[in-house]
Amino acid sequence: MSPWDVHASIATYLTFEDISHAAATLDTQQYATPVLKLVSEARAKGYDVICLPLTTDKWKQRWAEMCVQLQDDSERERDTVAERRAEEWRARPAFLKDEVTITRLDEAEGITAMISEWLELDAADDWVRHDAEIALRQEIAYASYLNIQTVILPAPRSRFHVASYARIISACLETTTFLNLSVRLPIYNPSVLRQESPVPTASQSSLIEPASASDVPMILLPSNTTQNLSSAPEGELNATWEMWDVIRSMCGYDTRLSLTLDLTPPLPTTLGVLSKWTAESVRHIYIPASTFIANTKGYPVLPKPTQTFIRNSMIASLSSPTIILSDVVSGLHNRGGEAAYSQYVRHLEKTSLAVQASQKPGTVENFAQGYQDYLQAPLQPLMDNLQSLTYQTFEQDPIKYTQYEEAIFKALLEWQPTSERIICCVAGAGRGPLVARCLSAITRAKRDVFIYAVEKNPNAFVTLQERQEKEWGDSVKILFGDMRYIDIPEQADILISELLGSFGDNELSPECLDGAMRFLKPTGVSIPSSYTAHLAPLSSSKLYNEARSSKDGKSLETPYVVMFQAVNILSGDGGGLRGQCGPQIQECWEFEHPRRDIVLDLRGLPLTNTHNVRAAHLNFYIPHAGVLHGLAGYFEAVLYGNIGLSIHPHRKDRISKDMLSWFPLFFPFKETLYLPSNSELRVSIWRLTNERHVWYEWHAESFLTMPTSSIAPTSPTLMGYRYSPSPSSSGLFSPSAPSPLIDAAEPVFKFPEPRASTSSIETVGVAYDVVKIGHTSLHNPGGRSSWIGL
């Protein structure tokens, strides 16, 4: 492979059988223990992390003999000896030496331990669940004793008793100080792909038959859910995520709790229902060899939906999940051997668009390294004087200033001056980048132009004087003062400013330009001429945790500038089932400059700031279930004509690709709000002001869409999904495959997407109503927690 920066860690899962085999062939002069031998060999193969089971089958056998009483039809006499042993164990839980795989501190270094998978913390039997909790605490205590940093917990199996599972995990988090707990979960309930009865309870099977490490946990769900998969398949797909939502919510969004996603079952080709996982704290992705399929040359590759999911997970940051490869020494595929699996994962990482963008100079992803999902307070440009380093950071954005130069150039070409000389005014000149771009546009346009540069920062004013002396000369006059109150010698034809914030108006561009409009002639133009604010609901457990980390409560009523990464936009396009919702990202309001309808005083300043008050009430369609953690704020600006700036996710690449100066704005919610599939979210947001401050207030309500008449039956499906063979699955393959990394022919699993519009055939003639199911509190009333100072 070509040299490049590797971001994701790759782990191997070693079984107790691997340890036993290593013990049988151990050279004691080279390795002190079988585990040390396995760890050394795994490191030599390039694995970054080693996963090991913490216990052996002897521990499972002793626990079952003590705690699980198998009953037949006839009544057995009580085994008092076993009961006494069980009570003694409950009083003082402890392992025997042959019940654990690791006994030394050096063996545990860099190890991720797998807690016993047979522990059913959500068993229907209260006593089994009680004893499983004691066993879990015992294993966690032993892992802590060995200084193991992370353990992977057994998957919950029952949707009925997931609250019991969550309570136990919460208690374990309370009693440990440093240990990270990761819950293993299949990415969706795999029973939707199987026609079989639910898994038996602990006392029936799981403690009798040994479980393979690659077995994917099955989820017990209400029987009526399984019977109606065709009409509500997403309920099955959401089952494991809903269980995770219960667990992390009951554990208070503890930052030491994370996910290990099990990708054993095949993924659907439509990944919309899976996008919610991108907003969760996924620490590991578990991929057994059986998930891989053979390509035409016999090398292991992943199915395309799984490829897409893995590539999307390969984020170029320290938070990239560890990929755990299991059973890769089994020889399941004909060619490539064990190394082929990790090489293929590295290939997926190398071809991930996010990783490629992070390595390309000039991209937002490259510029923002270290700032992903990092909360930053917005600037207070009127209250604070920016540091030179802050100016320098923003001046590194060539796209923004190129757009400004093009806008000025176009305005100069189209301007019909009333005199021989055109007057330009740069309001808020900073260290002078706009002045320099203005001079460049003047040279290109071959116009006679004079520039006034206004700046209130006394420190930046020094830099402007130096640049005037060394670069600009008499073509620029520098004026020191606040643009709202200073006067310039003559009125301008073109007013240029860069006062925009991540939400357009959140750095008080409207208020500043209200004062600067005195500089303009009646026929003058402003660059920018207008800008709009846009919103979308999002889910992100990481951002929610970051925002609530402060103890004073104000942090959850404060908007933040964030480079989004581990987020999921909850809304979808289309009108929803009722046809009354807007697009995925919706416009809140607009500001235009110059505005001619404002009542002014004798100085030409607005009498009040009420004309800059705004309000928006937006309806969003929520196609897939999720948890609302906040709102994503974006802006678009028209500089001049068809030249603009945008951080709108759908349009930024067409308008101002790779612009670096602005990250989106994040409005957090204090309370999480669960949104079911096919629901609606009504968001209200206000921009308010008084004599001293400007602030935002926001609120949300959720509604469930209910049909008032029966829905026409949909086309038949099998177990809630449609199966269609790939066009290349006939077995007629090209004999000359170009690479062992090429894709394999594979079956395609297609899960139905939610009905998104009343224009579909299925919903013709159906009337819908909404039922309110929840709301948040009003955030930041009166600007009590956050505001921008005038």
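From the backbone N, Cα and C atoms, a Cβ is placed for every residue, glycine too.
Marked as active site, proton donor/acceptor by TrEMBL: Glu498 (among others). For Glu498 (active site, proton donor/acceptor), the same-chain residues 6+ apart in sequence whose C-beta sits under 8 angstroms from its C-beta are Lys400, Tyr404, Gly428, Gly430, Leu434.
Other Cβ atoms within 10 Å of the Cβ of Glu507 (active site, proton donor/acceptor), summed over all protein chains shown, number 21. Per TrEMBL, the feature active site, proton donor/acceptor maps to Glu507 (among others).
The Cβ neighbour count for Met483 (S-adenosyl-L-methionine binding site), using a 10 Å radius over every protein chain in view, is 26. Residues or ranges marked as S-adenosyl-L-methionine binding site in TrEMBL: Tyr391, Lys400, Tyr401, Glu455, Asp482, Met483.
Summarising the annotation, TrEMBL assigns domain 'PRMT5 TIM barrel' to 46-350.
The domain 'PRMT5 arginine-N-methyltransferase' annotation in TrEMBL covers 365-527.
According to TrEMBL, the domain 'PRMT5 oligomerisation' annotation covers 530-788.
Summarising the environment of Phe394 (site 'Critical for specifying symmetric addition of methyl groups'), the number of other Cβ atoms within 10 Å of its Cβ, over all protein chains shown, is 18. Per TrEMBL, site 'Critical for specifying symmetric addition of methyl groups' is recorded for Phe394.
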Q: Report, as a single number, how many Cβ atoms besides its own are within 10 Å of the Cβ of Lys400 (S-adenosyl-L-methionine binding site).
A: 23
Q.
I'd like to know the mean pLDDT over the domain 'PRMT5 TIM barrel' (46-350).
A. 83
Q | Lowest local Cβ density among Tyr391, Tyr401, which the record lists as binding-site residues, within 10 Å | A | Tyr391
(Q) What does the structure give for the C-alpha distance between Tyr391 (S-adenosyl-L-methionine binding site) and Glu507 (active site, proton donor/acceptor)? Integer Å is fine. (A) 15
Q. Of all the binding-site residues given, Glu455, Asp482, which has the fewest Cβ neighbours within 10 Å once its own Cβ is left out?
A. Asp482
Q) How far is it from Glu455 (S-adenosyl-L-methionine binding site) to Glu507 (active site, proton donor/acceptor), counting Cα to Cα, in Å? A) 16
**Q.** Asp482 (S-adenosyl-L-methionine binding site) versus Glu507 (active site, proton donor/acceptor) - Cα distance in angstrom
**A.** 15
Q: Could you state the whole-number distance in Å separating the C-alpha atoms of Asp482 (S-adenosyl-L-methionine binding site) and Phe394 (site 'Critical for specifying symmetric addition of methyl groups')?
A: 21
